[in-house]
Every structure is written in structure tokens, then in C-alpha cells.
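S.K.: Dumping the structure here so I can ask a few things about it.
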Amino acid sequence: MITTVVGSYPVVKKEETFLDKVKKVFGLYDEYKYAIERAVKDQVKAGVNIISDGQVRGDMVEIFTNNMYGFDGKRVVGRVEFIKPITLKDILYAKSIAKKLNPNVEIKGIITGPCTIASSVRVESCYSDNRDENLIYDIAKALRKEVEALKKHVPIIQIDEPILSTGMYDFDVARKAIDIIVDGLNIKFAMHVCGNVYNIIDELNKFNVDILDHEFASNKKNLVILESMEKKVGFGCVNTKVKKVESVEEIKSLIEEGIEILKNNEKLNKNLSDNILIDPDCGMRLLPIDVAFNKLKNMVEATKLIKI
């Protein structure tokens, strides 16, 4: 089975040298490059198959709103439009590091979904409120261009839409927004939705994505959805909300429980190793870095022990 991550990793900054400080004065110093290097090296060392760049430059919303027309921070002050690729530079840098360490490692592109971005901003201009369909679709159009910039460099792009588990956004609008992003592009898409999803799996199955990624370690009620999922499964198996590092045996037991339920799913083919990706429940940004690394390491070890 393939192992991956949801995205974010704890940010570690190195102590600045005199030369670094001089570069900073002239705008030539990137304080986040070391954090990307550490995130990549840790993920590769842990044995993860498909890594991320660590999403080190801010929270999942600010990374995008800080780099699109129409936003001033998390305030909407004009029509939302694409400016230039937002995550591509970090993806390419992370990929260059990873390939030197292990040529077989892949890296995923990650974007925050249009509904989740919309839910996190205050609308002051151009749109009625943060549930305005036009705002959501304009964000989706900008994200489409981001995806077009990424697709030549990654095998999979993940769309983070945690807000969908709250019921705050209309699913038809959300699906249309995702369609704007993915339609006609020859690349695999995953959609990450954390929280309780056992009451909305029928709606999530209708999204035009290849993989649905959910949390199962911190929310075992979600296990029931494995019987009715119609997409490949991103199986969150380590709890990213707590600092306790699960043992290899704990993680292995949960994955095996999920596999047993998946065996009853008549909508997926029976080659289960092709239908499940193993990952943490959510991003790991808020964890101590040693905890994050050891959770990933144990997750990979547990996965290797499982025979399907």
C-alpha cells in the first residue's frame, strides 16, 4: 500500500548567520527554505512514498489569499483572480531535495479548496458574503490556474475541503467549484475532508475526484463509510490532534480493521492495495517535530507489516 501525508509539517527555522541577515536586508533570504528541507528530509527518512513540501509558509488559507488578487490578508477587497503560481516554487525545491535522497519518492500538489477559503475570509467588496457562489467560483477559477501550473510536476493533487463536513456549504455549489478546478485535466485528484463524514458520504461520492481522504484514528465513527465509498480511500490512521505517538501495532490494528470493512464494499474492485492510501488524519503543523516524525515512521512501519 502507498503511504502519503495530508500536507503540513512542523516549521523549523535555522539560526540566521551574518550572511543570512545581509541577504535579508536585500530581500534575498528565504527564511522558509530550511523548513522545507527539514520537512522533506523527515518525510523521506520516515519512508513515506508520496510526500509534501511541508506547507511551511503559513496556514492553509493564508498561503493562497496572500497571493491572489482581491484579498488583503483574509479580507475580500476586490474580485478574486489568479496572479502567478503560488506553490510551484516550493514544490520544485522540495522535489529536487527528495529525488536526491530517494529517486522513487513522489511529491503531491496541495491546494486549499474554494469553499474552505471562502469560509475563512471576511467579505468587504464585490461579493455579498462568504457563501456567495460567485466568490466560490472565482476562487475555483484561480485555483484551476494553480493546478495547471502544478500538473506537469506532480502525480496527484490534493484539494483540502474540511469545511464540507460542517454542512455550512451547499454540496451542489461545492461540486461545481471542484469541477471548475479538475475538469478535463489528466491527473489524479484527491479531496481531503476531515471531521465527521459518516452522514455525508453519499454527497462526497458524487465529487469528481479519484480519492476521498478522511480521518479514522481520531474519529472511528467514520469507519462505517468504508462500506459505501465509491472512490479510492485516503485512510487517516494516526491522530494528529494529540502528541502521543501511536505504536506500530496500534496503527497496524486500525488499518486492518479498515481493510476488513472495505472487503464488504461491492463498489470497489477487490484489489484493496490499489484502493487505499495510508496517511495521517490531518496536517501535522501543530505537533512537535519529533512527534510528527515518529508518527510518520510508525505509520510506514505498520503499513509494511500488513499483507492484503
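Every residue, even glycine, has its Cβ placed from backbone N, Cα and C.
Sharing the features that Swiss-Prot gives for it:
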type    : residues                       : note
BINDING : His192, Cys194, Glu215, Cys282 : Zn(2+) binding site
S.K.: With an 8 Å cut-off on Cβ-Cβ distance and a minimum sequence separation of at least 6, pull the same-chain contacts of Cys194 (Zn(2+) binding site), or say none.
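M.R.: Cys194 (Zn(2+) binding site) has long-range Cβ partners Pro162, Ser165, His214, Glu215, Gly236, Asp281, Cys282.
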S.K.: Relative to the Cβ of His192 (Zn(2+) binding site), which residues of the same chain, six or more apart in sequence, are found under 8 Å away?
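M.R.: Spatial neighbours, sequence-distant, of His192 (Zn(2+) binding site): Val6, Gly7, Gln158, Ile159, Asp160, Glu161, Pro162, Asp213, His214, Gly234, Cys282.
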S.K.: Could you tally the C-beta atoms, other than its own, that fall within 10 angstroms of the C-beta of Cys282 (Zn(2+) binding site)?
M.R.: 26
S.K.: I want the residues beyond His192, Cys194, Glu215, Cys282 whose C-beta is within 8 angstroms of the mean position of the Zn(2+) site's C-beta atoms, in chain order.
M.R.: Val6, Pro162, Val193, Gly195, Asp213, His214, Gly236, Thr240, Asp281, Gly283
